[in-house]
Amino acid sequence: GHTDLVLSVAYSLDGQYVVSSSKDKTVRIWNSQTGVGEPLKGHTDGVRSAAYSPNGQYVVSSSYDQTVRIWNAQTGVQVEKPLNGHTSAVRSVVYSPDGRYVVTSGNLMIWNAQTGVQVGEPLKSHTFGVMSVAYSPDGPYVVSGSNDNTVRIWNAQTGVEVGKPIKGHTKGVISVAYSPDGQYVVSGSDDTTVRIWNAQTGVQVGETLKGHTWGVVSVA
């Protein structure tokens, strides 16, 4: 279906559908049983990331065109206007667990998913671009990974950084994720390693996971 590189894939929570984003500027929603997928068109450059809302009614996508777009997952129609405000490629996007907010990276921003309005100011502390973001399972926190080699945790309500930067990687952090219980954060880096951290203390748990021979672009 896609005519260029596929940059991200994600399941809907019920497992019936898969959303994919591509360098061909489209998002596609696929029936996981039949494989049929129609393109969602609107982005003017490659679509770096896409994700389902928790209730499965919407899909959010982020692009190298510096915009974020929300789509009706049933009709494929774009909901409201693009979310504008980024000054560089939007590399990662996820919904909050309650579906009320969307967090985006490039510039680290939180948005009201219903209105498309930015919530507060951009979250600033990273000294280079933010490559990946994730919400904690219970919603109060956001974790970010950056080309400044650090992982940072933020209060999603106040936008205040929690604790000190988590340091250990020797190159940019490309991917981050929370454990299901929210106790741990895992990060993948251009330094070819994966590291697990205590989300409360920022201390690395166990040994650095080594084996990849290239940057680690995705962790879960």
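Going from the start of the chain as shown, residues are counted 1 onward.
Each residue, glycine too, has its Cβ placed from N, Cα and C.
Here is what TrEMBL records for this protein:
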type: REPEAT; residues: 1-35; note: repeat 'WD'
type: REPEAT; residues: 40-81; note: repeat 'WD'
type: REPEAT; residues: 83-106; note: repeat 'WD'
type: REPEAT; residues: 123-164; note: repeat 'WD'
type: REPEAT; residues: 166-207; note: repeat 'WD'
For the repeat 'WD' (40-81), the number of residues DSSP places in helix, strand and coil:
0 helix, 23 strand, 19 coil
Would you mind splitting the repeat 'WD' (123-164) into helix, strand and coil residue counts from DSSP?
0 helix, 21 strand, 21 coil
